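J.: Attaching a single structure in structure tokens format; questions to follow.
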């Protein structure tokens, strides 16, 4: 019941925010037609344009909303599809973290396809040999490397139990390098004299796409293994910032923020920052009390299944904090009970509000360079999958670095798993070394007396 009520509250709020803010930043400031000024058109006149995709709004919605203006029609289309996406996300979380990881993989593949398709569309007339084949081959190689590393790291016991997996794990990096080297040689063999420069452009295009998309999705999965709260809270903070920046910009926006995205305003940027901080603290309080969200994903050797169950660490246990004198005089409280994670959520919210939007600015610059509105038309009214995740990738990297720097400590269970995989003589050597170290520190006699 706690899990269900927490999810209902969380995503009900998210839907209401999305419904009223899902127009993006269309209403903040007027912008040049098609988002490209005349001066930019002259400078970039040599850049081939990507064909504009046709409107793929479902016919049912077109008929139902035919009497509305284009502005309100777009508002309702986005709102209805936002409800559908939130419901789908709710269902995925209910199914568990492993299904969520598979969805992350699917989103990664779709984002890669959208970016590669833009490159293919821009230079389609050149008929570059093997471009698409090699792009997807490199995607396969990189995913094999990253997911192999993840499986070996988090499911070490399972890997050691099965002989084929153990062999693949032992030579994993060599196999990954061999696969990549094969693709590299195939690229060299595909070079055509009159297209050298263009082929190297596309080679770089593919690798930068892999760096942006695959690496970040791998970090998202690592964050998931630490607990779903490290996945849901950062993503929700980015969404909240996008919505509230639009709301504040719509009603109060007057001062342009950045030339690259003329619709953005300082008023929206600042208002979104404070709103996201409050939202992050409130959402963290709701989720930190539910084990389903805070416990890491672990493999249970007894049941041969993945489980999300643990005794919540101190990070997710309510503690008393003394208020500063100024706040104490205003509120009349001397202490306040918070989850320590709520304090960390301030850092996550701050990054989502201050640095996260630069992922969107980067995507805006990319789209303006190729004179396109969206990466694709996968979701009517929203654009492509990459349009929905342009700010999330920077956030995923920050969360992973933040956990490694300030949260995660040595994991005794993983150390024991690795020790058990060693030879007997190596285990004895480590045992004697550890015993000597504890004796030197004066801890071993105390331990022996306690056991006696």
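Numbering starts at 1 and runs along the chain as displayed.
Placed from the backbone N, Cα and C atoms, the Cβ positions cover glycine too.
Sharing the features that TrEMBL gives for it:
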SIGNAL    1-24  signal peptide
TRANSMEM  75-107  transmembrane segment
TRANSMEM  128-147  transmembrane segment
TRANSMEM  174-192  transmembrane segment
TRANSMEM  199-221  transmembrane segment
TRANSMEM  227-252  transmembrane segment
TRANSMEM  273-294  transmembrane segment
TRANSMEM  341-363  transmembrane segment
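Map these features onto the structure and tell me what's around them.
T.: Listed by sequence, the residues of this chain that lie at least six past the ends of the transmembrane segment (128-147) yet keep a Cβ under 8 A from its Cβ atoms are 105, 108-109, 112, 116, 119-120, 172-173, 175-176, 179-180, 183, 186-187, 190, 192, 195, 198-199, 202, 206-207, 209-210, 214-215, 218.
If you look at the transmembrane segment (341-363), the same-chain residues 6 or more away from its ends with a CB under 8 A from one of its CBs are 229, 233-234, 237-238, 240-242, 245, 258, 260-261, 264, 269, 272-273, 276-277, 279-281, 283-285, 288, 294, 315-316, 375, 386-387, 390-395, 398-399, 402, 406-407.
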J.: Cβ under 8 Å, sequence separation of at least 6 from the ends of the transmembrane segment (199-221): give me the contacting residues as numbers and ranges.
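T.: For the transmembrane segment (199-221), the list is 101, 104-105, 107-108, 111-112, 115-116, 119, 123, 128, 131, 134-135, 138-139, 142-143, 146-147, 150, 187, 190-192, 231, 392-394, 396-397, 399-400.
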J.: Same-chain Cβ contacts of the transmembrane segment (174-192) under 8 Å, 6 or more residues past its ends?
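T.: Residues packing against the transmembrane segment (174-192) from afar: 128-130, 134, 137-138, 140-142, 144-145, 148, 168, 199, 203.
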